[in-house]
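Before any comments, here is the structure.
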Amino acid sequence: MHGHRAPGGAGPSEPEHPATNPPGAAPPACADSDPGASEPGLLARRGSGSALGGPLDPQFVGPSDTSLGAAPGHRVLPCGPSPQHHRALRFSYHLEGSQPRPGLHQGNRILVKSLSLDPGQSLEPHPEGPQRLRSDPGPPTETPSQRPSPLKRAPGPKPQVPPKPSYLQMPRMPPPLEPIPPPPSRPLPADPRVAKGLAPRAEASPSSAAVSSLIEKFEREPVIVASDRPVPGPSPGPPEPVMLPQPTSQPPVPQLPEGEASRCLFLLAPGPRDGEKVPNRDSGIDSISSPSNSEETCFVSDDGPPSHSLCPGPPALASVPVALADPHRPGSQEVDSDLEEEDDEEEEEEKDREIPVPLMERQESVELTVQQKVFHIANELLQTEKAYVSRLHLLDQVFCARLLEEARNRSSFPADVVHGIFSNICSIYCFHQQFLLPELEKRMEEWDRYPRIGDILQKLAPFLKMYGEYVKNFDRAVELVNTWTERSTQFKVIIHEVQKEEACGNLTLQHHMLEPVQRIPRYELLLKDYLLKLPHGSPDSKDAQKSLELIATAAEHSNAAIRKMERMHKLLKVYELLGGEEDIVSPTKELIKEGHILKLSAKNGTTQDRYLILFNDRLLYCVPRLRLLGQKFSVRARIDVDGMELKESSNLNLPRTFLVSGKQRSLELQARTEEEKKDWVQAINSTLLKHEQTLETFKLLNSTNREDEDTPPNSPNVDLGKRAPTPIREKEVTMCMRCQEPFNSITKRRHHCKACGHVVCGKCSEFRARLVYDNNRSNRVCTDCYVALHGVPGSSPACSQHTPQRRRSILEKQASVAAENSVICSFLHYMEKGGKGWHKAWFVVPENEPLVLYIYGAPQDVKAQRSLPLIGFEVGPPEAGERPDRRHVFKITQSHLSWYFSPETEELQRRWMAVLGRAGRGDTFCPGPTLSEDREMEEAPVAALGATAEPPESPQTRDKT
């Protein structure tokens with residue numbers, strides 16, 4: 001409990017009646033000096049707080065401890081003899097238990113180790129008293145009669161800590177001015193260990209932060225011995241003089257004047273400034289961003305030199321060495337006056353710097369700055385041109401000259417190698433050294449009269465196109481340097497000798513060879529910057545813009561040369577891939593795409609691995625061949641882009657297929673993935689489009705040729721023999737496509753007509769004719785094609801068969817034509833009721849006859865085996881007693897007639913059931929059944945209509961859903 005100050009504030013009032021302290025509160029201090037108060041007992045290290053650290057309660061503060069936490073207006077009870085000076089030591093301890101005090105309630109007591117007697121005075125031993133650890137809660141209350149048994153400890157006084165040597169007590173130099181980082185958003189929490197042992201108190205004064213920082217300083221750094229002078233704590237009002245009770249043997253501590261006390265309080269605990277945070281007063285610790293070194297605290301010493309006061313506060317105060325004002329010490333006023341004079345001088349200098357410049361002067365300086373920027377860019381162009389010419393001189397007159405001399409005199413390596421490395425570097429060097437650089441130097445000398453460079457660049461920029469040849473040859477030149485450096489020792493020696501010279505700048509030959517490649521883009525960047533800095537309406541703007549366009553054209557010319565060289569490298573790789581068989585290295589030829597692909601055989605439809613190489617003018621069809629040096633390819637066919645057509649395959653059973661038809665040959669190709677097919681189709685289409693645009697540009701495509709190109713190859717208007725036909729696979733035909741006789745492997749073998757691509761028998765292909773697309777070589781053709789090419793033969797055994805005009809059967813409907821315009825078509829396995837086995841056939845429902853089902857032996861047959869009217873048939877799954885031996889089986893029934901069908905997939909089964917069900921009801925057809933119709937057909941069979949209708953003679957109109 002705190003004692004209250006007397007109304008007069010001069011002397012201490014009577015002590016309050018003893019009472020039990022509330023939980024967590026500190027016990028009352030002793031009323032008078034106790035010889036055992038300074039005796040060391042069982043000590044416990046305190047987490048935070050000591051004589052100079054953390055806010056201390058008034059009852060634990062000695063007579064001279066007002067500056068350490070005793071707020072004005074509180075009574076401070078003495079606890080023994082009070083010295084004038086205290087020694088600040090590194091340690092702080094807690095001591096509990098001592099002799100009971102008469103008249104006061106005995107509780108826990110704290111012995112502060114950092115408060116001691118004079119430097120030469122030693123601690124006197126005191127009799128042992130009962131002691132216990134601070135952490136031991138002990139009994140809740142104690143009476144004077146209750147006294148715990150004393151603990152045993154070693155006899156003898158506690159050793160005194162020796163003072164610090166004088167050379168270690170020198171004041172430290174202030175740290176340099178540095179901005180203090182911003183504090184955290186909220187203060188740090190108080191130490192819970194301190195809250196347990198300290199009594200509840202009012203709001204701590206700002207000086208508690210400085211005291212707490214002293215504790216941290218003593219715990220981290222060596223001991224600094226200094227004398228403390230009482231400093232009153234801050235108060236809301238004007239500071240009042242604090243009267244401390246002093247023993248009769250000691251003189252009273254002199255009080256500071258009001259002004260000096262305020263100055264010390266400001267230095268010890270400054271208030272918050274603008275933009276700063278208030279320190280954490282509860283914990284006695286500043287923000288984590290505030291410096292916590294030893295310079296934060298403030299010391300007052302009577303004997304030693306003035307210490308530096310670097311308290312937390314504004315940087316201007318924290319960085320200047322300050323001595324606390326002492327009215328009895330001379331020189332303090334002089335120090336303050338010197339500091340004030342220096343601050344005044346700095347403020348005057350800053351004001352002089354901030355004198356505003358008149359408006360007219362600022363405008364003139366801005367105009368001069370624009371002119372200077374333009375001049376600097378032009379001067380930069382000149383300086384970089386000088387450095388560039390020196391590099392060209394090094395390449396042409398040093399590297400190239402020495403290598404040519406060695407090649408011509410000693411023949412250590414061919415002279416062609418040197419010419420291949422340096423290309424036209426001699427012409428580039430002459431242009432820059434004799435033309436461009438002198439013009440720029442002359443213009444910069446006359447810059448005051450002619451401040452422009454656009455006219456010079458406009459005149460000489462077209463000559464920069466010569467860089468295209470050098471850039472195109474750069475990769476080959478670097479490769480030659482690397483190759484001959486390893487192959488020829490003398491070549492390597494010359495290169496290394498030149499690279500060691502000072503003019504080379506410790507760079508390799510390859511680095512210097514790269515500079516001409518980078519020079520034109522640098523011209524472009526400098527000229528763009530020059531145009532940006534030119535003032536509006538400058539006379540040089542037009543010439544500079546024109547020069548920029550010419551330089552950009554030269555840069556594009558160089559880039560085009562680079563791209564052309566890259567294309568040439570690709571052509572060379574393909575040339576090596578083909579083993580030199582095909583002459584494809586040409587400036588006009590460009591590689592578009594290459595890669596593996598599957599080719600479908602024209603006879604049996606098997607897949608074969610092939611390699612396609614697409615150029616801008618032709619397609620190479622290659623087959624792989626094995627060699628000792630690796631896999632190479634041989635060209636099997638060459639298809640020109642002129643006249644090439646790309647089609648999608650109509651065969652549903654072969655996914656990812658497409659057809660390439662050209663004048664020389666037609667190929668049916670299959671990709672391994674959908675992405676691969678998409679890439680090939682896109683590449684071929686883009687090539688065809690570019691070729692068409694080229695023909696239109698040069699007006700080489702007339703109207704007649706356009707009709708021939710736009711006409712499908714198999715149409716009757718095509719001139720036979722001028723382009724390769726699309727061959728029909730032999731397995732897709734079961735009969736001769738001319739005489740309609742069925743094939744067999746012995747008497748009726750299959751042959752292909754090289755003019756139309758149809759599959760015919762031997763009797764129908766006895767003629768031979770020269771075909772234009774095959775370089776006028778003789779090929780087997782059918783009778784109809786021979787008649788179209790050469791007219792009716794005079795004596796031909798096959799001619800008599802075609803002379804009489806026979807009546808055409810209703811079944812003579814070509815399957816391929818019907819399939820192209822059909823509602824649905826696919827292979828199905830079928831079996832009639834009572835049949836012995838399943839048969840495979842090609843079924844088609846044509847669009848022009850949607851109520852009739854045609855059955856073909858193969859997709860390319862010219863005549864159907866039979867036809868089946870669908871009206872009146874009911875579609876449904878097989879009955880429970882019928883156990884077909886195939887999957888996805890459904891049947892159509894009418895009266896006593898039943899047909900069983902088995903598609904390959906379940907999706908195909910749903911589509912066929914939907915189409916046949918609608919045809920059985922006599923409905924018209926849409927291109928394909930909807931998903932809802934498929935589900936309805938899957939869930940329940942469709943009831944057939946009893947009415948019948950005649951087959952329509954004209955094509956039916958389909959419903960559009």
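Just so you know, glycine gets a Cβ as well, placed from its N, Cα and C.
What Swiss-Prot records for Cys736, Cys739, Cys761, Cys764 is Zn(2+) 1 binding site. Marked as compositional bias 'Gly residues' by Swiss-Prot: 1-11. What Swiss-Prot lists as compositional bias 'Low complexity' is 27-38, 199-213, 285-294, 316-325. Summarising the annotation, Swiss-Prot assigns domain 'PH 2' to 821-921. Among the features that Swiss-Prot reports, phosphoserine is placed at Ser48, Ser205, Ser715, with the record citing a large-scale study or a structure entry. What Swiss-Prot lists as phosphothreonine is Thr711. Among the features that Swiss-Prot reports, zinc finger is placed at 730-790.
Fewest Cβ neighbours within 10 Å among the binding-site residues Cys739, Cys761: this applies to Cys739. Neighbouring residues of the recorded Zn(2+) 1 site, listed in sequence order and excluding Cys736, Cys739, Cys761, Cys764, comprise Met735, Met737, Arg738, Gln740, Glu741, Lys748, Val760, Gly762, Lys763, Ser765 (Cβ within 8 Å of the Cβ centroid). A coil conformation is recorded for Cys739 (Zn(2+) 1 binding site) in the three-state DSSP classification, outside any helix or strand. Taking the Cβ of Cys764 (Zn(2+) 1 binding site) as centre and 10 Å as the limit, one finds 23 other Cβ atoms among all the protein chains shown. Note on the zinc finger (730-790): mean pLDDT across this stretch is 84. DSSP assigns Cys764 (Zn(2+) 1 binding site) to a helical segment in the three-state reduction. On its own chain, Cys736 (Zn(2+) 1 binding site) has Pro742, Phe743, Lys748, Val759, Val760, Cys761, Cys764 as residues at least 6 apart in sequence with a Cβ closer than 8 Å to its own Cβ. Across the range of the domain 'PH 2' (821-921), the DSSP-based residue counts are 16 helix, 42 strand, 43 coil.
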